[in-house]
Amino acid sequence: MSLTTPAVVTVTGAAGQIGYALAFRIASGQLLGPDTPVRLRMLEIPPAVKAAEGVAMELDDCAFPLLDGIDITDDAAAAFDGVNVALLVGARPRTKGMERGDLLSANGGIFGPQGAAINAGAADDVRVLVVGNPANTNAYIASSHAPDVPADRFTAMTRLDHNRALAQLRQRTGAAIDDIARLAIWGNHSATQYPDLTHATIGGRPALEVVGDDAWVRDTFIPTVAKRGAAIIEARGASSAASAANAAIDHVHTWVRGTPADDWTSAGVVSDGSYGVPEGLISSFPVTAAGGVYTIVPGLDVDEFSRERIDASVAELVEEREAVRALGLV
Ligand code: NAD
Ligand code: LMR
């Protein structure tokens, strides 16, 4: 798709860990490509505005040719006025022992007002990626407050899970990342997610055949990918940041630039009822991108094991939807 230039890119929580890892890559052109100048907007809460100003000073000092300007604000209306790409990162991360869903009451309240501000002021071509956890349900909340913005413009990040799955497969098989295709993450960005190898190929051969060990897939691959966020928190004492920023760059870059002809990726997108996922939920699916639109890959066979896994993760999304309804967030 072609973007207005300079493209207005808004990052919420820009002074946080992920924001810091994201800003420089956006400004250097890695988000939208080398031909698209960017105006970077940073939305922060008042106590973090000064830190955001420090990030802006560093951005200045990089002298990025594509960086057309920087705005810093604590006002959502100003942050999303004319926005083309909105990266909703600002939210509390979980700490050791928490599940991402535990953040619902802490973070859910952020996304309604931001959705409303996007509804009021965003550019017609706006595209929104929610990173703040629980990402799928926060995207659902934001979208619910933006009735004038097509629901398919609100997405949630499961690209980090997709990339983690690629990495695990490379470690196991020694394959090059570029030789692995058609991996899929289904469901929620949570421990219930289903990293699916049943359609994946490695160098054109079925991945399951190359791996040759169903027990590894079930007992090692799936839980390692699904629980990687917790493992990073355990090791680093803080949740993943650079890899999350990298995945956000990948998600938007693919959305705008498209997927290769013979491959797909994974993203949390609004369900159209495909694969038995209730319409309106924001669930991860295998998706292709073309012309600035993510499309759920149609017509895949879903075996019994996959069916159970997808249903379990979707049931959690339904519960989260009920919880935010009960909290009055939608
Ligand atoms: P962080 O605490 O380092 O930064 C969060 C920033 O958001 C802070 O600077 C804070 O001031 C700001 N913020 C809080 N409320 C805000 C609001 N209403 N408006 C604007 N800014 C606000 O956290 P982080 O490590 O950058 O993580 C951010 C979020 O991303 C967390 O919820 C984390 O769990 C999530 N995350 C998601 C994924 C994913 O794959 N979807 C991966 C990693 C992290
Ligand atoms: C991740 O997957 O690393 C993030 O969602 C952070 C977390 O809480 O796991």
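Backbone N, Cα and C atoms are what each Cβ position is placed from, and that goes for glycine too.
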The substrate site in TrEMBL includes Arg100, Asn133, Arg164. Which of Arg94, Arg127 is also listed there? Arg94
Enter the number of other CB atoms within 10 angstroms of the CB of Gly19 (NAD(+) binding site). 26
For the C-alpha pair, I'd like the distance in angstrom between Ala15 (NAD(+) binding site) and Arg100 (substrate binding site), rounded off. 21
What mean pLDDT score does the domain 'Lactate/malate dehydrogenase C-terminal' (158-324) have in the model? 97
From recorded positions Arg100, Asn133, Arg164, His189, the one whose Cα lies nearest Gln114 (NAD(+) binding site): Asn133
Going by a 10 angstroms cut-off between Cβ atoms, which of the recorded positions Arg94, Arg100, Arg164, His189 has the sparsest surroundings? Arg94
